[in-house]
Amino acid sequence: MRRVSVFGATGSIGQNTIDLIARAPDAYRVVALTGGQNIAQLASDARRLNAEIAVTADVDRLDDLRDALAGSGVEAAAGAAALAEAACRPADWVMSAIVGAAGLVPGLKALEQGATLALANKETLVAAGPLALRTAQANGGTIIPVDSEHSAVFQALTGEDRRAVERVTLTASGGAFRDWPMQKLRSATPEEAATHPTWDMGQRITIDSASMFNKALEVIEAKELFHLAADQIEVLIHPESCVHALVGFTDGAIMAHLGVHDMRHAIGYALHWPERRDLPVDRLDLAALGRLTFRAPEADRYPALGLAYRVIARGGLAGAAFNAAKERALDAFIARRIGFMDMAEVVARVLDRLDAAPVPIDAPFELDNIVAIDHLARCEADRVMAQRQQ
Ligand code: NDP
Ligand code: MG
């Protein structure tokens with residue numbers, strides 16, 4: 001039996017992962033399931049799958065979790081240290097689907113114990129790419145991307161000569177506002193931004209899709225995962241969201257990966273890798289679809305995208321700063337303290353300040369340095385936003 005753990009089990013990716021695992025109960029032994037506020041879901045899945053341990057990120061919810069698990073034989077724990085400890089428990093396959101920077105340490109711990117890490121959490125590669133890759137290599141761990149675009153590139157590259165890769169194209173739906181007039185974007189609300197035209201995902205990533213901060217994170221992820229230069233990564237708006245990514249080779253061939261919008265494909269691919277097994281996803285009906293369209297994104301509509309290329313050019317720990325500033329700006333947008341288009345402005349100002357200040361942005365890729373830059377960028381983002389309100 002394969003030992004599996006799911007970090008972020010109560011979220012959109014986590015629930016899709018559990019759906020696949022629960023279909024083959026004899027094939028898996030569930031080690032750890034983790035969540036945040038959704039104690040009822042966490043406890044019911046931990047009972048149903050007979051997990052060894054269930055962990056909530058929130059220490060104040062430990063008693064609730066204990067009550068919900070009473071008599072089940074499932075251990076209960078809470079807090080960041082308990083999440084890290086759960087990631088140290090031997091497992092063959094670990095899903096990393098916590099949202100935000102909180103997903104970084106559990107992912108690194110899983111790699112340290114040599115697990116296959118199915119990586120949905122974007123921040124791991126954006127903030128700590130070289131550290132995550134180094135940790136995997138040193139301990140026999142493997143990273144299999146779950147983000148649909150990166151899974152698509154990974155699949156298109158399987159069996160190919162990586163030296164012959166010329167260009168990788170990531171597609172983007174364009175998000176909720178792709179056809180809105182520019183002047184209306186400034187007053188867009190969090191509810192409007194959280195409605196995705198094609199994919200069904202968590203609130204934060206859906207808003208990040210509307211602003212293309214999501215695609216910006218993915219550009220940086222692609223650079224780290226596939227060792228690409230900035231000018232080898234292209235983004236195209238593809239409203240039908242059927243082609244998830246394309247890989248262009250030096251002989252002129254382009255390999256595209258197509259599929260329906262169902263994350264269980266990428267999750268299932270990572271779960272069964274290196275094999276391909278049947279998955280309960282719909283099949284794409286190209287004749288019914290009729291045509292696929294592509295266009296270049298407009299720089300002024302999606303300023304976040306330009307920031308990703310700036311981060312790659314800056315190098316060092318700029319990715320960690322970018323991600324942290326983005327998380328603070330997104331918090332402020334959700335709380336209606338700043339507008340939709342202000343998010344990219346805030347992040348750009350934080351990058352300006354960190355570029356100019358004598359901060360250790362060029363410090364080595366160690367966890368302490370990443371945590372320090374993350375903290376600093378959050379403080380800078382708060383300062384920038386406070387100054388804007390004066
Ligand atoms: P959700 O918001 O649906 O779920 C997030 C999960 O993380 C939940 O289990 C949540 O718990 C938990 N969580 C929230 N805050 C913390 C914290 N501080 N510490 C520990 N756990 C926490 O997100 P998604 O499933 O949509 O996305 C998960 C990750 O995967 C993100 O990084 C996202 O960018 C990435 N991703 C998602 C895709 C998708 O289709 N959804 C596609 C590609 C990548 P609870 O809900 O119980 O509070
Ligand atoms: Mg994606």
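Residue numbers in this text run from 1 along the chain shown.
Placement of Cβ uses the backbone N, Cα and C atoms for every residue, glycine included.
Cross-referencing G175, G202, G248 against the NADPH binding annotation in TrEMBL, which names T10, G11, S12, I13, G36, N38, N121, E123, picks out G202.
The 1-deoxy-D-xylulose 5-phosphate site in TrEMBL is built from K122, S148, E149, H196, S209, N214, K215, E218 plus one of S96, S173, namely S173. Checked against ligand 2, the binding-site residues T10, G36, K122, D147, E149, H196 give D147, E149 in sequence order as having a Cβ less than 6 Å away from one of its atoms. The Cα atom of G36 (NADPH binding site) lies nearest to that of K122, taking the binding-site residues K122, H196, N214 as the candidates. Across the residues annotated as binding 1-deoxy-D-xylulose 5-phosphate (K122, S148, E149, S173, H196, S209, N214, K215, E218), the widest Cα-Cα separation comes to 19 Å. Among the binding-site residues T10, S12, K122, H196, G202, the ones whose Cα sits within 10 Å of the Cα of D147 (Mn(2+) binding site) are K122, in sequence order.
Of all the binding-site residues in the list K122, H196, N214, E218, the shortest Cα-Cα distance to G202 (NADPH binding site) is found for H196.
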